[in-house]
Amino acid sequence: MTFSEILDRVGSMGHFQFLHVAILGLPILNMANHNLLQIFTAATPVHHCRPPHNASTGPWVLPMGPNGKPERCLRFVHPPNASLPNDTQRAMEPCLDGWVYNSTKDSIVTEWDLVCNSNKLKEMAQSIFMAGILIGGLVLGDLSDRFGRRPILTCSYLLLAASGSGAAFSPTFPIYMVFRFLCGFGISGITLSTVILNVEWVPTRMRAIMSTALGYCYTFGQFILPGLAYAIPQWRWLQLTVSIPFFVFFLSSWWTPESIRWLVLSGKSSKALKILRRVAVFNGKKEEGERLSLEELKLNLQKEISLAKAKYTASDLFRIPMLRRMTFCLSLAWFATGFAYYSLAMGVEEFGVNLYILQIIFGGVDVPAKFITILSLSYLGRHTTQAAALLLAGGAILALTFVPLDLQTVRTVLAVFGKGCLSSSFSCLFLYTSELYPTVIRQTGMGVSNLWTRVGSMVSPLVKITGEVQPFIPNIIYGITALLGGSAALFLPETLNQPLPETIEDLENWSLRAKKPKQEPEVEKASQRIPLQPHGPGLGSS
């Protein structure tokens, strides 16, 4: 007996699973607010130098730029030199008295003057946030395999709630960055644990649907953020508003059961049995749950129990050729997705469209994108869906290179299409990665994969600097990288209707089966029924 068959006995898709996914999904909905928060809390309004205290604003104080508007970072020296014939020869100086911002909304930019020579600090804040997610993926992936999925999830909720609230009350920019780093750290733990718990408690046939449902939670969160930002013009109150709900999620997470597979592999079979019986009662299958015994559980999952004695680290991801190839291809796909996604998602201001409207459009494109992803994952398979998403995104980004800047509508359409494809790529990757890695090292594999997408999201803003050399260079780099990631996905094995691998040895058997001609259809059908046939694919979860 496998876990999938045990799950069938206690209810593989009952009330418990729907409530379980709902409890995991609500935090994901609000997590989108944190990921994209800096679009609004770090918005840069039109600004110019504040005139000296003894001068009035005017063209004789503020030089005009090429666009006929006041220079943003320079002003004329005051008082003017009377011997100069006209203002064109007057000396200019930096904004010694600060700036005037033409906006009724405040942000970290207006509060700490992150403009002109300090404008790089704005990007640094986002990079620090992404660094927190990156480090969190490294640290929490291993801790989750050691101490369980639920404890890491619960602590991550509390960390995000506390650090997000702390950022709202930060007195200085350095302290704000520290709290943003901790926010990223917490988000990484939430993402990793949610993915694992979703996949391990949902039957195979429903994995794609339930995982994509979690993806929709993130999508709807993107709809909520523009409304919140419009209604709450003060960045501190906006930061606090999106952080407080995680205190509630921290409390509700105590209801979330631990992964049964993890409990068995950790030698806690008695606790696993209690949870299975509670799930059976919740799903209206109390008698089936009562018939399960500790001896039966240990006997039928003896293989998994014996694996608890083995210790696995990130180095084991490179132990066998197939695992090495998988890790390389997945790492490239994750890097390319994060690299290209955040180039579009955080570049909303570049398209000359109303910030709030464009953010809603960017979020809205995820709805059809994820629906198409569900169908594609279920019928075309994982590696085809993954490759197509990245290849199409790369093509759309490269096309931006050839569209003139004044054709803003065309550029916006291409960007929205590319963003939708990359969102689809994320949804597929979470599911695909969790299905490819064996149970004994799944969370570590997810952690390493998330590391690469965060590296991509950190490097992405730096590539924009190359636009100062030639405007088309950034999009060429983003587009080619996405194409490479899509090509790498073609070398990954298909997992549609395949059992979740429990051990590294299972992957070797996978490889051997793939090389053999289909001689024994009856045996193959039986093997497919073992862990997964009861159920199907999912999102970006475990």
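Cβ atoms are placed via backbone N, Cα and C, with glycine included.
Swiss-Prot annotations:
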CARBOHYD  Asn86  N-linked glycosylation site
CARBOHYD  Asn102  N-linked glycosylation site
REGION    515-542  region 'Disordered'
TOPO_DOM  1-9  topological domain 'Cytoplasmic'
TOPO_DOM  31-123  topological domain 'Extracellular'
TOPO_DOM  145-154  topological domain 'Cytoplasmic'
TOPO_DOM  198-212  topological domain 'Cytoplasmic'
TOPO_DOM  258-327  topological domain 'Cytoplasmic'
TOPO_DOM  349-354  topological domain 'Extracellular'
TOPO_DOM  376-386  topological domain 'Cytoplasmic'
TOPO_DOM  408-411  topological domain 'Extracellular'
TOPO_DOM  433-471  topological domain 'Cytoplasmic'
TOPO_DOM  493-542  topological domain 'Extracellular'
TRANSMEM  10-30  transmembrane segment
TRANSMEM  124-144  transmembrane segment
TRANSMEM  155-175  transmembrane segment
TRANSMEM  177-197  transmembrane segment
TRANSMEM  213-233  transmembrane segment
TRANSMEM  237-257  transmembrane segment
TRANSMEM  328-348  transmembrane segment
TRANSMEM  355-375  transmembrane segment
TRANSMEM  387-407  transmembrane segment
TRANSMEM  412-432  transmembrane segment
TRANSMEM  472-492  transmembrane segment
Stretch among 124-144, 177-197, 213-233, 237-257, 387-407 sharing the most Cβ pairs under 8 Å with the transmembrane segment (355-375): 213-233
Range from 10-30, 155-175, 177-197, 328-348, 387-407 with the greatest count of C-beta pairs under 8 A to the transmembrane segment (237-257): 155-175
Which of 124-144, 177-197, 213-233, 328-348 contacts the transmembrane segment (472-492) most, counting Cβ pairs under 8 Å: 328-348
Contact between the transmembrane segment (124-144) and the transmembrane segment (177-197) (3 or more Cβ pairs under 8 Å, separation 6+): yes
Cβ neighbours within the same chain of Asn102 (N-linked glycosylation site) - under 8 Å, at least six residues apart: Pro45, Val46, His47
Same-chain residue ranges lying at least 6 outside the topological domain 'Cytoplasmic' (145-154) that approach it to Cβ under 8 Å: 189-190, 192-194, 196-197, 200, 250, 253-254, 256-259, 262-263, 266, 312, 441-444, 542
Stretch of maximal Cβ-Cβ contact with the transmembrane segment (412-432) [cut-off: under 8 Å; candidates 155-175, 213-233, 328-348]: 328-348
Number of helical, extended and coil residues in the topological domain 'Extracellular' (408-411), per DSSP: 4 helix, 0 strand, 0 coil
Sequence-remote partners of the topological domain 'Extracellular' (349-354) [C-beta within less than 8 Å, at least six residues beyond its ends]: 39, 43-44, 408, 411-412, 415
Averaged pLDDT score, the topological domain 'Cytoplasmic' (433-471): 80
DSSP-assigned states of the topological domain 'Cytoplasmic' (258-327) in counts, ordered helix, strand, coil: 51 helix, 0 strand, 19 coil
Per-state residue totals over the topological domain 'Extracellular' (349-354) - DSSP helix, strand, coil: 3 helix, 0 strand, 3 coil
Helix, strand and coil residues within the topological domain 'Cytoplasmic' (376-386) as assigned by DSSP: 9 helix, 0 strand, 2 coil
